[in-house]
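A short worksheet on the structure shown next.
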Amino acid sequence: MIQVLTFGTTAAVGVYNMELLDYFGEEATVQVSLIGAINYGIFLGSGPIVSFLMTKFTYRQITLFGSLLTVIGLLGMPILPYIPSLCICFGLLTGFGSCCCYVPSHVLSGLYFEKYRSLATGVTTSGSGLGGAIMPVIAGLLIDMYSWKGSLIVVAGLCLNLFVFSSLLREPPPFVLEEIVEEPSVKSNQLISSTQASSVSPTYVETDSRVLGLGLNRKDYVNNDDGATVDAKPLVVNNEPREIDAEIKKNVQNDANNSYDFKKPLLDRLTNHHSISLNSLSAVGATRGSSVLVLDKSNHSKMSTQETKSESPPLKPPKSSRHIFIFTHSGFNIYFLSNIMWNAGFSIVNSFAPEFLRERGMSPIVAAYLVGGCGFGCFLGGIFGGVFGNFKFVNRQAFYIVSNLLCGLTLIIFPFYDDIVFYALCLIGNGLFFGVILGLLIILLTDLIGVESLENGLGYLMLSNGVGTFIGPPLAGLIKDNTGDFDGGMIFAGVLFLFGAFIMLLMPCQQVFTKCSTK
């Protein structure tokens, strides 16, 4: 839903361009195109900035801040109806706010899933297509009822829902679970002294928060009377919150803030040479909604904890996970250039397709419905690309290249036939293939640089998108000023898609060259 509102609001810029051209005059084509171009450029080009902020703040905080900027920018447009102020309100504020909402929600879809990452990102991306399908139509209907100024106030009210959806974002938990066991001779209503606790060697469980200073390389074993060693049973978790004993809470905090020898039993560290009740121990961790129950293992009288150490040294993160070093990856550079091309092409379609259709004698509302058909195709294409991109037999790079080629062909033939059905088929087809590109965007990036660099890589990939969307509409506006119509601009958009496909062909060539040079 975040992508429905953010991308949908941006996709409606073409409908508003028709009204702004009437408001400022046809001679202001280039200036009006800058409003949408700045919005697109900031929306997609601020990815590295938002990517950096994601390392300093939570995803929820960033999206809430972006929601505020988006609403303020939309409300400022009808109050200050001048081209410079519109560039600031819609271009800068709404653009950057939309980016702050879009990037974290998109990254989370890739972090939560491993096996079905392509499907998850495809479904998430389809929200962009759904927004592109419904928001231009909604904007067109609102303009008919309230004028373009009044419609922006209503759209700002719709975007208030971003605060609700942003509040629901949650990052994946960093750690999973450990294990805990208990000396059977101790009953739950007895007190444990520090000497008794030394024979008990539990580990701690935390399901969705930080483990209290414990390493993940621990493994507990239980020694039977006959000397056999077996794995400890997993901890039982009770979700009933309980009140934490003040002394235990203090000692747990000390344990979390200091470095200890893990060969020393955890209970000994928790008690800190004080007698405690197991009932109070069971409340540790209740502040995060989980309490610990110690298991009674009557079949074991002797227990010991053995430490398993990792033999391999800690792995260094790849260079691509650090900001500017992402450009040392040749495959990413090719992908970066390809994204510039097809984003420039699609931004021309979004900005000027409604005005092109109106030049062909269609009413603004009919033009809005046809552009909405492009968004509907994008919605279907995002799901289609995500589903097929998840199959192992599918060559994702080839799928991506073919989608670019088909997008370009639908736009090149677009101006040559004056028929509403033909226009509808071309726009739906263009949206369908464009949705496939968006559905493959994250999974193809992950294939190139790995999931550990996804957060950084997506930020810089958004920069390439922003560069493309910033240069596309002004170039189409210049072509329109020189030729007198938008036919040349639509053909130019198709050519840009073809360039995006041909640039991606450099990637297999580069891979072959690398293999030959290593032999």
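Each residue, glycine too, has its Cβ placed from N, Cα and C.
In TrEMBL, annotation is done automatically, which means it is predicted and not curated.
As recorded in TrEMBL, the features of this protein are as follows:
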- 28-50: transmembrane segment (TRANSMEM)
- 62-84: transmembrane segment (TRANSMEM)
- 90-112: transmembrane segment (TRANSMEM)
- 119-142: transmembrane segment (TRANSMEM)
- 148-169: transmembrane segment (TRANSMEM)
- 299-318: region 'Disordered' (REGION)
- 324-346: transmembrane segment (TRANSMEM)
- 331-519: domain 'Major facilitator superfamily (MFS) profile' (DOMAIN)
- 366-391: transmembrane segment (TRANSMEM)
- 398-416: transmembrane segment (TRANSMEM)
- 422-446: transmembrane segment (TRANSMEM)
- 458-479: transmembrane segment (TRANSMEM)
- 491-509: transmembrane segment (TRANSMEM)
The domain 'Major facilitator superfamily (MFS) profile' (331-519) [mean pLDDT, rounded to integer]:
85
Other parts of the chain folded back onto the transmembrane segment (422-446), taken as Cβ under 8 Å at six or more residues beyond its ends:
106, 109-110, 117-118, 121-122, 125-126, 128-129, 132, 332, 335, 342, 346, 349, 353, 357, 360, 370-371, 373-386, 389-390, 396-397, 399-400, 403-404, 406-407, 410-411, 413-414, 454, 457-458, 461
Considering only Cβ pairs under 8 Å, which range in 28-50, 90-112, 324-346, 458-479 makes the most contacts with the transmembrane segment (491-509)?
324-346
Outside the transmembrane segment (148-169), six or more residues from its ends: residues with CB under 8 Å to it:
1-2, 5-6, 9, 12, 16, 19-20, 23, 59-60, 63-64, 66-68, 70-71, 74-75, 77-78, 81, 101, 104-105, 108, 135, 138-139, 142
The transmembrane segment (28-50) in contact with the transmembrane segment (398-416), cutoff 8 A, at least 3 CB pairs, sep 6+:
no
Give residue numbers and ranges for long-range contacts of the transmembrane segment (398-416): same chain, 6 or more residues beyond its ends, CB-CB under 8 A.
338, 342, 345-346, 349, 356, 381, 385, 388-389, 423, 426-427, 429-430, 433-434, 436-437, 440, 444, 486-487, 490-491, 493-498, 500-501, 504-505
Should anything in the same chain at least six residues away from the transmembrane segment (90-112) have a Cβ under 8 Å from its Cβ atoms, list it; otherwise answer none.
2-3, 5-7, 9-10, 13, 34-47, 49-51, 53-54, 59, 62-63, 65-74, 76-77, 120-121, 123-125, 162, 166, 169, 171-172, 442-443, 446, 451, 454-455, 458-459, 462
